[in-house]
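What follows is a single structure, written as structure tokens, with notes after it.
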Amino acid sequence: MTEEKPAKKIGLLALIALVISSSIGSGVFGLTSDLASASAPGPVLIAWVIVGFGILMLALSLNNLLMKEPELEGIFSYAEKGFGPFAGFISGWGYWLSAWLGNVTFATILMSALGYFFPIFKSRQNLPSILVASVLSWSLTYFVNRGVEGAAAINTLVTICKLIPLFVFIIFGIVLFKGHLFTQAFWNNMSSSFVAGDVMSQIKNCMMVMMWVFVGIEGASMLSARAEKKSDAGKATILGLVSLLAIYILASVLPYGYLTQDQLASIKQPAMLYIFEQMVGTWGGYFIGVGLIISILGAWLSWTMLPAETMLLMAKQNLLPAYFGRVNKKKAPTFALVVTAGLIQVFLFTLLFTTKAYNFAYSLCTASIIVCYMLVAAYQIKYSWAHLQEKGNRQQLLIGVLALLFEIAGILMAGVSYLLLCFIAYIPGIYFYGRARKNNGHQHFLSKGEWLITTIIVIGAIIGIWLVVSGKIVI
């Protein structure tokens with residue numbers, strides 16, 4: 001028998017690229033228009049400070065746990081270690097759900113970008129768009145199935161390529177910036193004075209899209225088992241966050257100094273493409289368009305890797321049946337990749353009948369991943385409290401509390417209704433979790449406590465279905 005070669009390890013640069021690439025997808029290119037629809041520049045800046053601080057607390061929590069618990073693999077492992085296997089399943093299944101729903105958003109906005117070059121794709125939700133998106137989805141699945149580490153190496157190159165249009169846009173934004181235009185309605189009223197109630201409402205309205213663009217910051221943690229050094233995953237999370245925050249603030253705020261808020265809010269999506277076209281002429285639209293396409297393909301590549309890796313790790317830890325962890329000669333989780341791609345395909349075909357596919361998919365994506373983030377913060381609190389006498393753990397306890405409070409506020413602002421819809425997708429997952437328990441010698445399909453939580457999830461799912469049927473949630 002031939003001895004298997006050990007899997008190649010991913011270095012720090014590739015891990016940082018994974019964090020940046022998995023977060024910079026479609027969101028940053030439409031960020032200005034989405035924010036201008038919700039807020040003036042003053043509240044936007046305050047919201048960035050709040051979201052940046054909250055995400056930093058999450059990143060520091062991840063970094064601390066990676067250092068303190070180096071044997072754990074994957075973001076859901078913290079929930080399992082701190083609160084039991086069912087919590088680990090809830091976290092892992094939610095992360096997997098978030099990842100492939102994110103791929104659906106990439107498909108819809110990619111078709112919009114292609115529509116700038118080829119009018120047949122402009123509607124984003126016609127049959128040609130869905131067919132092309134389907135081919136891309138299965139092609140990326142095939143590529144990742146050829147080897148996860150190989151995909152990560154190419155991801156480093158893709159990240160460099162897609163940052164160039166963003167940096168060029170930021171440079172022109174600085175050069176063409178008009179201070180008087182930026183400050184004339186800084187707080188979104190005629191006197192441009194600070195009015196607390198109005199400002200707080202604007203901050204709340206733009207929090208959702210800001211949290212969406214940070215989805216993926218934990219990417220290095222998910223592949224920490226394959227890092228050359230365990231510490232690299234934590235460093236990549238922090239460095240990736242700092243880079244992302246700088247890019248997002250500049251890309252979203254500078255256009256307020258070039259066009260009025262009303263003009264920005266009414267501009268077509270992808271907003272950055274059309275803003276840059278106004279700045280420099282027709283070539284600007286093509287330049288940003290190519291960058292957007294590369295950006296989405298890079299993020300889509302990352303999020304093809306991550307959900308499959310999640311299923312693989314969950315199967316290894318007996319949270320899913322063993323067949324979810326089957327790998328090929330390249331060490332890629334083939335079964336998990338095919339299952340995930342199949343679900344994406346089903347969702348893509350539903351785009352023929354939905355009206356707000358992009359918003360619906362990214363709202364579900366954000367709501368489901370916030371659950372994972374909450375459990376990370378909760379375990380950070382539990383671990384720090386249990387080791388309170390060790391150096392630095394009082395500060396880590398505070399970091400965990402702040403991260404948890406931020407995520408709770410996030411789920412409330414993201415919309416509890418979308419979380420209830422996510423519960424629908426948990427029901428088949430709970431079946432697989434129960435089968436894994438039985439396969440590993442447990443007498444009962446679920447424990448009493450797990451049945452109680454399952455009942456709550458089912459009730460929540462029924463409420464979610466009612467919200468859709470009654471028209472309170474538009475899909």
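Cβ from N, Cα, C; glycine included.
Noted in Swiss-Prot for the protein shown:
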type: TRANSMEM; residues: 10-30; note: transmembrane segment
type: TRANSMEM; residues: 42-62; note: transmembrane segment
type: TRANSMEM; residues: 74-94; note: transmembrane segment
type: TRANSMEM; residues: 101-121; note: transmembrane segment
type: TRANSMEM; residues: 157-177; note: transmembrane segment
type: TRANSMEM; residues: 205-225; note: transmembrane segment
type: TRANSMEM; residues: 238-258; note: transmembrane segment
type: TRANSMEM; residues: 283-303; note: transmembrane segment
type: TRANSMEM; residues: 333-353; note: transmembrane segment
type: TRANSMEM; residues: 361-381; note: transmembrane segment
type: TRANSMEM; residues: 397-417; note: transmembrane segment
type: TRANSMEM; residues: 451-471; note: transmembrane segment
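For the transmembrane segment (333-353), the list of distant contacts is 96, 99-101, 103-104, 107-108, 124-127, 129-130, 133-134, 137-138, 141, 144-145, 304, 307-312, 315, 323-327, 361: same-chain residues at least six beyond its ends, Cβ to Cβ under 8 Å. Across 10-30, 361-381, 397-417, the stretch most heavily in contact with the transmembrane segment (283-303), judged by Cβ pairs under 8 Å, is 10-30. Contact between the transmembrane segment (74-94) and the transmembrane segment (238-258) does not hold: fewer than three of their C-beta pairs are under 8 Å, each pair 6 or more apart in sequence.
Sequence-distant contacts of the transmembrane segment (10-30) (same chain, six or more residues past either end, CB-CB distance under 8 Å): 102, 105-106, 109-110, 113, 149, 152-153, 155-156, 158-160, 162-163, 166, 209, 212-217, 219-220, 223, 226-229, 232-233, 235-237, 239-241, 243-244, 247-248, 251-252, 269-273, 288, 292, 295-296, 298-303, 306, 362. Between the transmembrane segment (397-417) and the transmembrane segment (42-62) there are at least 3 Cβ pairs closer than 8 Å, counting only pairs 6 or more residues apart in sequence, which means the two stretches are in contact. The transmembrane segment (238-258) is in contact with the transmembrane segment (157-177), judged by 3+ CB-CB distances under 8 Å for residue pairs 6 or more apart in sequence. Per-stretch counts of Cβ pairs under 8 Å to the transmembrane segment (101-121) identify 361-381 as the leading one among 42-62, 157-177, 361-381. Within the chain, the transmembrane segment (361-381) has long-range Cβ neighbours (under 8 A, six or more residues past its boundaries) at 27, 57-58, 61-62, 64-65, 75-76, 78-79, 81-83, 87, 90-92, 94-95, 97-98, 101-102, 104-105, 108, 208, 211-212, 215, 218, 347, 396-397, 399-401, 403-404, 406-408, 410-411, 414-415, 418-419, 421-422, 425. Listed as Cβ neighbours of the transmembrane segment (157-177) (distance under 8 Å, sequence separation of 6 or more from its ends, same chain) are residues 17, 20-21, 24, 28, 247, 250-251, 254-255, 257-258, 272, 275-276, 279-280, 287-288, 290-292, 294-295, 297-298, 301.
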